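Chemist: Please see the structure below; I have some questions.
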Amino acid sequence: MKIDLSRLVTESRNPASAEIDTLSTVEMLRVINQEDQKVALAVEAVLPHIAQAVDAITHAFAHGGRLIYMGAGTSGRLGILDASECPPTYGTPAELVVGLIAGGHTAILKAVENAEDNRELAQNDLKSLNLTANDVVVGIAASGRTPYVLGGLEYATLIGATTVSIACNPVCPMADAAQIAILPVVGPEVVTGSSRMKAGTAQKLVLNMLTSGAMIRSGKVFGNLMVDVEATNAKLIQRQTNIVVEATGVCAEEAEEALKACDRHCKTAILMILSGLDAEQAKTKLQQHNGFIRAALNDK
């Protein structure tokens with residue numbers, strides 16, 4: 001079946017770059033940069049829809065659910081990138097935020113032919129994760145019409161999971177296939193059809209907001225400090241110390257002493273210093289308040 005892509009914004013020609021092959025290198029880059037500046041504004045226009053998705057993901061996390069990204073090509077890789085950053089940044093289990101890409105692991109590094117056109121493949125991928133109604137499935141595709149993503153959203157709807165779509169065309173099948181549609185319209189690409197450019201940047205900004213927003217809402221940020229960060233390397237060990245110093249105002253030595261007393265758990269160390277509790281008391285208090293430092297501090 002022939003697919004008419006000409007009506008898609010993401011496939012149309014951009015008059016601003018029509019002669020880009022004749023420009024100097026600096027002029028060429030200036031055109032790209034000027035077009036990139038439109039991306040943040042396109043994302044700003046859909047903030048209310050992003051907020052709906054953040055609240056849905058936060059609710060899912062609080063009720064044993066997961067966040068599952070689905071995409072093909074660049075969109076799938078962006079989902080995997082965002083998912084992979086959550087454990088080291090927020091101390092989450094690897095299975096809490098998952099990225100699926102059409103074609104599996106091979107497709108992360110190189111294209112897998114016809115994988116994105118297979119709806120059944122998406123259903124099988126979700127079945128392998130034992131998808132439940134508590135989960136949130138986020139379909140990502142610049143065009144808004146990728147069969148793999150549509151198949152995943154359809155199966156997720158059947159199971160009763162919350163569905164979200166992220167696309168860069170204002171009218172597309174994915175908008176109708178999800179409960180929450182996030183559609184940052186960034187306009188035609190500098191290189192016609194190269195949706196890894198503005199569309200990919202918009203998708204990355206939205207994904208940043210989804211996970212960051214949900215983690216903040218889940219108590220994993222205190223002030224603007226990532227208080228669930230795990231000490232998996234030398235840089236993060238030092239970051240833990242800096243976080244405790246910033247959160248409490250104590251010196252680095254006192255912060256390090258508190259961290260050592262609680263197996264390097266930032267939240268516990270912060271609560272110990274600010275409340276005068278010992279490590280076990282602080283851990284218990286945090287558990288009583290689902291890991292929210294502010295709530296634990298306010299419980300006198």
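The backbone N, Cα and C atoms fix where each Cβ goes, and this holds for glycine too.
Straight out of Swiss-Prot:
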type	residues	note
ACT_SITE	Glu85	active site, proton donor
ACT_SITE	Glu116	active site
DOMAIN	57-220	domain 'SIS'
Chemist: Can you check which residue among the active-site residues Glu85, Glu116 has the largest number of Cβ atoms within 10 Å of its own?
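Modeler: Comparing the active-site residues Glu85, Glu116, the most crowded Cβ belongs to Glu116.
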Chemist: Rounded to an integer, what is the Cα-Cα distance in Å between the residue listed as 'active site, proton donor' and Glu116 (active site)?
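Modeler: If we compare the Cα positions of the residue listed as 'active site, proton donor' and Glu116 (active site), the gap is 24 Å.
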Chemist: Over the domain 'SIS' (57-220), work out the mean pLDDT and round it to an integer.
Modeler: 96
